[in-house]
Amino acid sequence: MNLRELVSALNDFASPSLAESWDNVGLLVEPSPPHTVNTLLLTNDLTEEVMEEAVQKKADLVLSYHPPIFTPLKRVTWKTWKERLVVRALENRIGIYSPHTAYDAVPHGVNNWLAKGLGACTSVPLHPSTAPSSPSEGTHRVEFCADAEHLDAVLSKIKDIPEISCLTTLPARVEGEEQTRVSLTCSQKALLEVVALLSQNSLLYRKTEILLLQKPLLPHTGMGRLCTLSEPVSLSDIIERVKGHLQLRHVRLAVGAGRTFESPVKKVALCAGSGSSVLKGMEADLYLTGEMSHHDVLDAVANGISVILCEHSNTERGFLSELRDALAIHLQNKINIIVSEKDRDPLQVA
């Protein structure tokens, strides 16, 4: 496939608009066009060892779940390992694409895969995603009624305010009087000017309504998951299920205050990777994630919530095999998709 065609298909699989605002997703390194992709290499982290694997296996594009370029590069030299990744990628005509938190959000993404390790359960996002393009303009809608005496003057002044759209007028009957109902959409900045204008006339201002425009939520899409098990199981059983799903011999565990290994677990709040900010304050019997800050673990335990930590990328890497199969279908088997054999968590238990 042509690289740009492939990137478009990858964006359709999980829209970059679903990624967190702080993230750096999409096509990060692009060889000069035209660039044909015959082999796509999937990895959780693009290390120098994985880049060497990509070169040896003649990959034309690396899909790295974590973006290898996150903070801006001021130069591209041989001095640091991330700069060397870019140099080697361009020298060997290998593109780099990163989906990161877009894959966390989608229903067929990393967090849903992680939830499969719990057994039969239903899940909903902890922080639902919103539709990226609705509403297209403005943050607030302002509606008010004006009589003929004041209407023209008010509309004239409103039209001079920047960042106002969708200005409409309709006949209305208010308290037995013929009036005009004015509706407009505006930005947060323009709202202050509109309110200041209308407040100059107490009759107008008393008949003003301000609505906050919120984008509709996307079903089953968002950060983290709150999973409700079909049947409660003991904490010790959940630990074994998680270890089996992630193929780990060991996990780190903090037992919630007043809980034991035999305490029932019915609700699990989970987040692949680093879960502190996503899980904080959520009501559950158990938090499951890769890593959390020490103090957030203490907070959870004090609230009677147990915590399982598996190390950051261990909660993500196993998804790659499922992703390979899903992308093969999505891309109609047009390219060869392989999972890195060199990608691994940098931490181990000694």
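Cβ coordinates are placed from backbone N, Cα and C, and glycine is handled just like the others.
Residues or ranges marked as divalent metal cation binding site in TrEMBL: His66, Asp104, His312, Glu316. Taking a C-beta cut-off of under 8 angstroms and a sequence separation of 6 or more, His66 (divalent metal cation binding site) has the following same-chain neighbours: Asn44, Asp45, Leu46, Ser98, His100, Ser313.
Its own atom aside, the Cβ of Asp104 (divalent metal cation binding site) has 30 Cβ atoms within 10 angstroms in the protein chains shown. Cβ crowding, taken as the number of other Cβ atoms within 10 Å, peaks at Glu316 among the binding-site residues His312, Glu316. Using the Cβ center of His66, Asp104, His312, Glu316 for divalent metal cation, the list of other same-chain residues with Cβ within 8 Å runs, in sequence order, Asn44, Tyr65, His100, Val110, Ala272, Gly273, Ser274, Gly290, Ser313, Thr315.
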